[in-house]
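Engineer: Submitted below is the structure of interest, expressed as structure tokens.
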Amino acid sequence: MAPPMLYGDLLEAVRWCIPSALTMGALLSGLSAVRCASELDFHSAIVCIMLAAVFDGLDGHVARFLGACSQIGFELDSLCDLANFGVTPALVVYFWARALPTHECHLAQCDRENSWLWAACCIYAACCAFRLARFNVAGHAAEMDRQHLEANGQRPPVKKAVLHNFRQRKMYFRGVPAPVAAAYALTPLMLHFCTGAAQGSGEPVGPWALRRRGAAGSLLLTAALMVSPLPTFSSKMLKTSRDDTHLRSRHFWSLTVKVTVGLFFSGLFWQRPFAVILGCNLLHLASIPVSVAVYCSVVSDRSD
């Protein structure tokens, strides 16, 4: 029989490995998306990217929940984000556009549009890399996890914590975060499926159908939003402690709300995944001017 100390060491190793395993799961999902797209299975490619986003959203929360945050996990997450949400969506969009029917344009025009689309894909990936590098510099662990408890060591009220995070800790995103940008970039494909093109000849149909030019424009707009200095909302604003995570609830009612909302959206996503993602894209896009207005108001109150 192995000594108890060996079991303790094994459990400790597993505790530290779980967050990185989730990060690696996200990377493998992103690579699988590229393979699916190369085989013209774009429906599965989008699902793989969304699965990568789920893993990416879980790894940090699991690390904080288990007390297993590490510098290598921080860097690994950033590198995988570039692959999953910078390179993979661009390749999937490019493969999809190349597979579109060409009977509506001359061969030379299609080649020219594909070249412009590839340039947009490269710009998108480069902007994602710049955004992640900027995030790493501005939001390093020492700065992100700075405690801001009251002088008596108690948690501050949520309203006060949100204002403090917005003003001093800068716990908001500058520009659109990489996972959201990936959902933005995949909008032409999801519109393609939502309009029923997948059941027909493969041709995008309907007033919202986007072809090569529309896909290139969507990538360029998303790239600009990623590197823009616009403040956008983040759930980090709600943190009242460095160890806060959505996996841990301080009250039973908050746990109930989280479970209910999670089950509701899971059911919707299971039935109409692309419609749900498109709806979330619209909500997030509409929140950008609101977040800018709130930020300007908070900064103005601070200066008064």
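Glycine is treated like the rest: Cβ placed from N, Cα and C.
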Engineer: Check each of the ranges 46-68, 276-298 against TrEMBL and return the one annotated as transmembrane segment.
Structural biologist: 276-298
Engineer: Looking at 5-23, 24-42, 252-270, which one is transmembrane segment according to TrEMBL?
Structural biologist: 252-270
Engineer: Select from 99-117, 137-155, 213-231 the stretch of residues annotated by TrEMBL as transmembrane segment.
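Structural biologist: The listed stretch tagged transmembrane segment in TrEMBL is 213-231.
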Engineer: Would you mind listing the long-range same-chain contacts of the transmembrane segment (276-298), meaning Cβ under 8 Å and 6+ residues beyond its ends?
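Structural biologist: Counting only partners 6 or more residues beyond its ends, the transmembrane segment (276-298) has Cβ contacts under 8 Å with 50, 163, 166-167, 172, 176, 180, 183-184, 186-187, 190-191, 194, 225, 230-233, 265, 268-269.
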Engineer: Report, as numbers and ranges, which residues of the same chain sit near the transmembrane segment (213-231): CB under 8 Å and 6 or more residues beyond its ends.
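Structural biologist: Residues 90, 93, 96-97, 113, 116-117, 119-121, 123-124, 126-128, 130-131, 134, 172-176, 178, 181, 184-185, 187-188, 288, 291-292, 295.
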